[in-house]
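In what follows, a structure is listed as structure tokens, so that the remarks can point back to it.
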Amino acid sequence: MKTLFFATSNINKINEVKQILDIPKIKIEIPQNFDIKETGKTFKENSLLKAKALFKILNNKQPVFSEDSGLCIEALNMEPGIYSKRYDQYKLGKKLDNNEKNHLIIDLMREQNNRTAYFICVISYIDVDGTINNFEGMLKGTIALNIDYYQKNGFGYNPIFLTTNNKRLSELNLEEKNKISHRGIAFDKFKKFLMQFLD
């Protein structure tokens, strides 16, 4: 049994990742009270920052992985981007709930014809010997004209993101979402990488 430590405290990410990395010989541990300031300028920098921080906390002796992801909108100069989680504070200087954050995006996009957007995910894995590998995933879609208040699936910007088949991410259950999402694609690459060493 190989134990991997996941550098996150986001319960939604944990649930998605545990379903994708459902490998019999892999056990995923979540560190308690893990909270690192994301000061990188790219998803990759932030992902590496978190992985390296946890690797150090575990005395450079345990395999760790982290991920950073976000929504990039062409008409908004690829924002929210790395500020996706804290776009409210970056843009308005105050904290908003999820619905309010989605409203902010809808308002900013009100006059925009180009609604093309991307969800991007970067995973950083550090093995026990300190070797680093990165895995990326991207989902292309568009920003909806309004918010889906009724679907209970997904989190964050899922209620305003339309996939190429015109379905909101919030309409998909976890299994459906993981097949096409940025996180699903990146973690599928990571899973295949891990499987090489478990045979």
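In case you wondered, yes, glycine gets a Cβ from its N, Cα and C as well.
Quick caveat, the model's predicted, so the values are computed rather than measured.
The active site, proton acceptor annotation in Swiss-Prot covers Asp68. Annotation for Asp68 (active site, proton acceptor): same-chain Cβ neighbours under 8 Å, separated by at least 6 residues, are Glu38, Gly40, Phe43, Lys44, Asn46, Ser47, Lys50, Ile82, Cys121, Val122.
Sequence-distant neighbours of Asn12 (substrate binding site): residues of the same chain at least 6 apart with a C-beta under 8 Å from its C-beta are Phe155, Gly156. Residues or ranges marked as substrate binding site by Swiss-Prot: Thr8, Ser9, Asn10, Ile11, Asn12, Lys13, Ser69, Phe155, Gly156, Tyr157, Asn158, Lys177, His182, Arg183.
As annotated by Swiss-Prot, Mg(2+) binding site applies to Asp68. DSSP classifies Asp68 (active site, proton acceptor) as strand under the three-state reduction.
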Among the binding-site residues Thr8, Asn10, Ser69, Asn158, which residue has the largest number of other Cβ atoms within 10 Å of its own Cβ? Ser69
